[in-house]
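To start, the structure under review is shown below, and the notes come after it.
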């Protein structure tokens, strides 16, 4: 086993930008895979080739049978599995680091532009472009990047790749070795002169270790699938919330209108069928009554004697004359 310190540090940084299920997956990867394999793997599989014995004295037959029984060592196969399964996570970590550095550069550039004493149109456009780019990088209050936008796409792709690689390595282990370690391996391969029986050391202990690593691999695969479901539900809930907020904005705007719309009731101007007619005097309408009053007044005026008229009025003023009949008609009509 090599030094896993560098890989552990990288995956520890990924844990800060992962979901709850992703953190559990990292815990399973560290404790139940890397540490146990590093501590117990060498002691269990260290004598794999040295204690592989065959009942023949033919030179080279034991090595050929060992190559047929174990095309690749279990330890090396699991190491390759860890490296391949961890690679998508490392790619996601690279995306996180890239976005973090980009966000820092944008903030630094924004500070330099805002510090300028005079701001022309080009500076305002540059600030607007920087704000638009920073809006795509969602940063939490504690400084961590939120899994949204392009980062969400990278995270989903990494989880999918981990699931496919995990399932592929589990299938490959089953095709190469099976799920148990047989104590006797029958070999018939040149340069062996005949069918040779070869014996494996501590087969029961190795079988237990194989089953343990198999269970851990299945748990890791299930966690990856659960994380995909978690991400899908998270995206759907966020989309539903965004639609609700979008639908609620017009209602809130109408409620805060300082001049709300009022409802007025309009009564018909015409007379309804149940409204009583206007009262009349002596069966006459108002216009006919006015004409009758005017005619009566003219008759009374013609029957009176004419008033005394001064030929030379004092002060040069004329006495006001009575309005003529046309003016009276206009008055009463």
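Glycine too: its Cβ is placed from the backbone N, Cα and C atoms.
In terms of which side of the membrane each occupies, Swiss-Prot places residue 68 apart from residue 123. Here Swiss-Prot gives transmembrane segment for one range in the set 117-139, 186-208, 209-231, 232-254: that range is 209-231. Given the ranges 54-76, 77-99, the record in Swiss-Prot names 77-99 as transmembrane segment. Over the topological domain 'Extracellular' (41-76), the average per-residue pLDDT in this prediction is 84. Counted as Cβ pairs under 8 Å, contacts with the transmembrane segment (149-171) are highest for 77-99 among 21-40, 77-99, 209-231. Sequence-remote contacts of a segment are chain residues at least 6 beyond its ends whose Cβ falls under 8 Å from one of its Cβ atoms, and for the topological domain 'Extracellular' (172-208) they are 44-45, 47-48, 51-56, 58-62, 64-66, 68-72, 74, 77, 214, 217.
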